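> Please find one structure pasted underneath; my questions will follow.
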Amino acid sequence: MAIATINPATGQTVQTFIAHSQVEVNAKLDLAQETFQSFRHLPFAQRGQWLRKAADILEQRRDEWAALMTLEMGKSIPQAIAEVNKCALVCRFYADKAEEYLADEVVTTDASQSFIAYQPLGVILAVMPWNFPFWQVFRFAAPALMAGNVGLLKHASNVPQCALAIAEIFQTAGFPEGAFQTLLIGGKVASELMADDRIQAGTLTGSEPAGASFASAAAGQIKKTVLELGGSDPFIVLEDADLDQALKVAVPARMQNNGQSCIAAKRFIVQASVAEEFFQRLTKAFQALKVGDPSLSTTDIGPLATPDILADIVAQVEQTIAAGAHCRCGGQALDQPGNYYPPTLLTDVPPNAPTYRQEFFGPVALGFTVDNLEEAIALANDIPFGLGASAWTTNPENQQKLIRGIEAGAVFINGMTKSDPRIPFGGIKRSGFGRELGRMGILEFVNAKTVWIA
């Protein structure tokens, strides 16, 4: 099977790779299993030294890695550079914190001595998406490796050069070859690998169907999985909100990564008394964004990653408008080479629209008007997803009602939903289960062993 790198800005094939054969995959699995037997016993200081070196390599060759991301999936250069910086940050964070997070935890019981010992699981299969091709991998790999596990990466098929580059970074930093390897294989093969006895656990970031298939394969073998799937995050604006600040944040909250982010704000739920002003100003802000060549530092919105993603967005917008939604800006693909779609705002979306509860994975925002806080919370929860949420209000009582009432893995008050190495990240409902980042993120990849000495 051939795996091609296609530039989404031009549609031109850049490079083609041959997928790994079954023999090659087996060899990588054997090497991973063999490496784990010694890697798990290395001191935290050694693994931390290598991880800090990986951070150095990320920063020293930042422009190279950023250009690679832009070439393969269309992310704008400034955002790609920011992604590389964030990867270096998460490496240093876990290099510093892993030993503290995984220290034996003393528990007072009737025993003369009792504690929890945290030990690595083994070989972990990571299936990762194209939208944040470096960040999604490093936020898994940094804690997993520091805990003493070894990783196998199956990356999205449209970012093979990013996948190979990440393995190169870890090996150049000093990690044994078998500690982190890249598999160039199809998604179906990745799910089938969960049945292999050499793999102890798996993690997947991607679509809901991909997550369901992966979890099903893991369940048949009773193997642990961490899933971070889709999201359709609400961005709630109440009448007492600081509109200037909310609007300033609303644009990157929706349009980061060309709108292709699971944790992006996708549904803007605004109280009626300020709704028209908010939507008019948001429309102008969207129209001011520059759509174009992602390799230029002046570009705000680059192309969507693939023609299929563009086709999905075109169909969703057409269906939403046909159902009665008001298109305030955008609404049609650009007539030029590449997978370009302009920033689009659709308001007055009726509940009977076939796209009402769908995730829009592109530069499209939906706008809703509500009368009060209770309606805002109900509308925010009226979807099958529960990844993140943003809410804007200066009233402390309303803030607490929003925090407790919204069904999501994270709620940001007067701020933009984001993933930060210091705090756990993950969702509920069909957005997945398990947590990444923070202490909870590293605990996903260890066995919490109870020790009781009578």
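Here the Cβ of each residue, glycine as well, is placed from N, Cα and C on the backbone.
Here's the feature list from Swiss-Prot:
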ACT_SITE  E228  active site, proton acceptor
ACT_SITE  C262  active site, nucleophile
BINDING   W130, N131, K154, H155, A156, S157, G206, S207, L229, E359  NADP(+) binding site
> Which of these binding-site residues has the least crowded Cβ, counting other Cβ atoms within 10 Å: A156, L229?
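Each of the binding-site residues A156, L229 was scored; lowest Cβ tally within 10 Å is A156.
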> In whole Å, how far does the CA atom of G206 (NADP(+) binding site) lie from that of E228 (active site, proton acceptor)?
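Just about 7 Å between their Cα atoms.
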> Consider each pair of residues in W130, N131, K154, H155, A156, S157, G206, S207, L229, E359, all listed by the record as binding NADP(+), and report the largest Cα separation in Å as a whole number.
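Largest pairwise Cα separation, rounded: 24 Å.
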> Work out how many Å separate A156 (NADP(+) binding site) and the residue listed as 'active site, nucleophile' at their Cα atoms, rounded off.
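Cα to Cα, A156 (NADP(+) binding site) and the residue listed as 'active site, nucleophile' are separated by 15 Å.
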> Under 8 Å Cβ-Cβ from W130 (NADP(+) binding site), six or more apart in the same chain: what's there?
E72, M73, H155, A156, N158, V159, A305
> If I take the alpha carbons of the residue listed as 'active site, nucleophile' and K154 (NADP(+) binding site), what is the distance between them in whole Å?
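About 19 Å separates the two Cα atoms.
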> At the level of the C-alpha atoms, what whole-angstrom distance separates K154 (NADP(+) binding site) and the residue listed as 'active site, proton acceptor'?
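One finds 15 Å between the Cα atoms of these residues.
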> Far apart in sequence but close in space: which same-chain residues, 6 or more away, have a Cβ under 8 Å from the residue listed as 'active site, proton acceptor'?
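Correct list: T203, L204, T205, C262, L387, F425, G426, G427, S431, G432, G434, E436.
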